[in-house]
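J.: The structure follows.
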Amino acid sequence: MAFVSMKELLEDAKREQYAIGQFNINGLQWTKAILQAAQKEQSPVIAAASDRLVDYLGGFKTIAAMVGALIEDMAITVPVVLHLDHGSSAERCRQAIDAGFSSVMIDGSHQPIDENIAMTKEVTDYAAKHGVSVEAEVGTVGGMEDGLVGGVRYADITECERIVKETNIDALAAALGSVHGKYQGEPNLGFKEMEAISRMTDIPLVLHGASGIPQDQIKKAITLGHAKININTECMVAWTDETRRMFQENSDLYEPRGYLTPGIEAVEETVRSKMREFGSAGKAAKQQVG
């Protein structure tokens, strides 16, 4: 089964007011858990490799081959997007596309808007030739993303309008108060700004740093145009908690399958729960493949 672009998936999600989850992969077993959760929930899914973890995971070609083989061997029939998360340059995005990724995010959010737009346009021009969807970011999401620490900088509505019109991206991550990693205190999303940006750009929005955001805020973000929601920290915490518990209760355990399996099962349950929360469960039949 070939990977699919997220363009049509997100357009349907935005129109029907649900969201598709992006879940970051951290290895083969982790990927299996995400795919199995999607199949059980009959939900489309976005499996993402963060640029900063690509080499750790074996490189773009290895990742694409691994995920593709798992889809085939596990008889996965739901739509699967293979996405590059936080692509650091146009060249990295090209490498991902050439390796078979069906979607990329170019993250020029730490650059001045003119440079961000130029970098993004370079990616969208190349991606369009290969049927690959493109996500871009304006403003900066706070917290830590795979070692990159930053503060929150709200997206400027004029900059959002410019990048959408000048680059023809398929989805926009507009930073509006979310953070990567664990929240210190109650999350406080900028719903007023969110509504204005959604109305002005009229394309699917992406919520980064969604782990730990209360369900009522998630649902409100979906009604205001967010069709893609990124989850990573909650999965990592679920895995770590279960793995730590296994060692605490079984100090003599040394077989990897014995101590890794409970954590992977916790990841699967977390993903399934998020798919139900986002409203994507049962939506795979609309674009069934296989």
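In case you wondered, yes, glycine gets a Cβ from its N, Cα and C as well.
According to Swiss-Prot, the record shows the following:
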| type | residues | note |
| --- | --- | --- |
| ACT_SITE | ASP85 | active site, proton donor |
| BINDING | HIS86, HIS180, HIS208 | Zn(2+) binding site |
| BINDING | GLY181, GLY209, ALA210, SER211, ASN230, ILE231, ASN232, THR233 | dihydroxyacetone phosphate binding site |
| MOD_RES | THR233 | phosphothreonine |
J.: Report the member of ASN230, ASN232 (the binding-site residues) whose C-beta atom has the most other C-beta atoms within 10 angstroms.
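T.: The residue with the densest Cβ neighbourhood is ASN230.
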J.: Whole-number answer please: how many Å between the C-alpha atoms of THR233 (dihydroxyacetone phosphate binding site) and HIS86 (Zn(2+) binding site)?
T.: 15
J.: Look up HIS208 (Zn(2+) binding site) in the DSSP assignment and report helix, strand or coil.
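T.: Where HIS208 (Zn(2+) binding site) sits, the three-state DSSP reduction gives coil.
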J.: What kind of secondary structure is THR233 (dihydroxyacetone phosphate binding site) part of, going by DSSP in three states?
T.: helix
J.: Return the count of C-beta atoms lying within 10 angstroms of the C-beta of GLY209 (dihydroxyacetone phosphate binding site), excluding that atom itself.
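T.: Looking across every protein chain shown, the total is 27.
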J.: Given the binding-site residues HIS86, HIS208, and counting only Cβ atoms in the protein chains shown, which has the most within 10 Å of its Cβ?
T.: HIS208
J.: List the Cα distance (Å, whole number) between GLY209 (dihydroxyacetone phosphate binding site) and ASP85 (active site, proton donor).
T.: 12
J.: Quick one: Cα separation, HIS208 (Zn(2+) binding site) versus ILE231 (dihydroxyacetone phosphate binding site), in Å?
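T.: Between the Cα atoms of HIS208 (Zn(2+) binding site) and ILE231 (dihydroxyacetone phosphate binding site), the distance comes to 8 Å.
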J.: Using the structure shown, find which entry in SER211, THR233 (the binding-site residues) has the sparsest Cβ neighbourhood within 10 Å.
T.: THR233
J.: Quick check: in three-state DSSP terms, what is HIS86 (Zn(2+) binding site)?
T.: strand
